[in-house]
Amino acid sequence: MHPFWNSVVKVMPRWLAPNLITFTGFMFLVFNFLMLSFYDYHFDASAEGYTHVPSWVWVAAGLFNFLAYTLDGVDGKQARRTNSSTPLGELFDHGLDSWACVFFVATVYSIFGRGPSGVGVATLYYILWVVLFSFILSHWEKYNTGILFLPWGYDISQVTISIVYIFTAMVGVETWYEPIWWNFHYRDLFTFMILGCSFTVTLPMSLYNVFKASRNNTLKHSSMYEAFLPFLSPVLLCLLSSVWVIFSPSGILQQQPRVFYLMVGTAFANVTCKLIVCQMSNTRCQPLSWLLVPMATVVLLAVTGLVANETLLIYVWTAIVILTHIHYGVSVVSTHTHTLRSFILILPVTADFGIVCRFALHKYVI
């Protein structure tokens, strides 16, 4: 896609801020999520016997997804073109990417839905976790090797998803009801592609790159404990949310799948952003994200039945997680900017701007 992105960035005005490009692309994905939430809140609109999503919505979803993907590809090029690359821009880009995972997964889910010819909400929940861990693998690589390797699986998936949206608008969701061959449905192909890319491309390449760095003595962390420490909080988050899913008295995932996915994806993004800060500032990853402490309490209240209205609990907790994550992002940006201004007043003009930016990020490791 680089030749296409290079052509796009050439027509962009130089005054257009790279971070604005990043944020605009992210908002396209958020708008897709909200649009499908309105027409298919419980992921059953694509099932037989339900009112289907209008065709124009799929067209808009395809265009917005491709625009989001394109803007995510050109923001860095615009930054280098205008000599405005900063660690804050890199953090902003990857931080929003980590949050975007849940939006595009949940939006794609509406194509197949949860009907007889669709994908079960529990299956999609575990698919979501495969996507989330695939994302964090790249940043785990950089935490250990100092180099961010980006597999082609993401590019292939984004282009494919955009095409599938447009194709759905043309032929209707009924097309996905029919089996491809014998009893193998399109839903199975959808699941197979995600799992296949993750376990045959992303995971092996990540392990190979880290192993290669270890063999060449360029690994940044000498012990296995330190190398795998970034996975502790994501694994605990996965365990806590899975306990809630499995032992929920009211079957919360069946009742409120969209909100539950949003809660998991946002909490994951918060954990991932702290890893990104660590690998950018060359600091040690903290073992535990504090967000997991109140979440453990919420899960305990839910599975023991101490809170009778589980739906209200998931809505309140999701709102808290979203506000906490937004507050974290705003705090990083504002404090980073304030620290830079302070340093600019006292440092000579020959100072390394990148080092100053990384020092400013150091505060937000925890």
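Glycine residues also receive a Cβ, built from the backbone N, Cα and C atoms like all the rest.
Automated prediction, rather than curation, is the source of TrEMBL annotations.
Remote same-chain residues near the transmembrane segment (20-41) are listed as 12, 53-54, 57, 60-61, 64-65, 67-72, 74-75, 78, 89, 92-93, 96, 99-100, 103-104, 106-107, 110, 113, 258 (criterion: CB distance under 8 Å, separation of at least six residues from the stretch ends). Annotation source TrEMBL lists transmembrane segment at 20-41 (among others).
Residues or ranges marked as transmembrane segment by TrEMBL: 53-71 (among others).
According to TrEMBL, the feature transmembrane segment maps to 119-136 (among others).
Taken from TrEMBL, the feature transmembrane segment covers 156-177 (among others).
Taken from TrEMBL, the feature transmembrane segment applies to 189-207 (among others).
Annotation source TrEMBL lists transmembrane segment at 227-247 (among others).
According to TrEMBL, the transmembrane segment annotation covers 259-277 (among others). Beyond the transmembrane segment (259-277), the same-chain residues lying 6 or more positions past its ends with a Cβ under 8 Å from any Cβ of the stretch are 91, 94-95, 98-99, 101-103, 105-106, 124-125, 128-129, 132, 135-136, 139-140, 143, 230, 233-234, 237, 241, 245, 252-253, 283, 285-286, 289, 291, 295, 314-315, 317-318, 321-322, 324-325, 328-329, 332, 361, 364-366.
Per TrEMBL, transmembrane segment is recorded for 289-307 (among others).
For the transmembrane segment (312-330), the list of distant contacts is 95, 99, 252, 256, 259-260, 262-263, 266-267, 269-270, 273, 291, 294-295, 298, 301-302, 364: same-chain residues at least six beyond its ends, Cβ to Cβ under 8 Å. The annotation transmembrane segment is assigned in TrEMBL to 312-330 (among others).
Marked as transmembrane segment by TrEMBL: 342-361 (among others).
Between the transmembrane segment (156-177) and the listed ranges 53-71, 119-136, 227-247, 289-307, the one holding the most Cβ pairs under 8 Å is 53-71.
When Cβ-Cβ distances under 8 Å to the transmembrane segment (227-247) are tallied for each of 53-71, 119-136, 189-207, 289-307, the top count falls to 289-307. Relative to the transmembrane segment (119-136), the listed stretch 189-207 leads the set 53-71, 189-207, 289-307 in CB pairs under 8 A.
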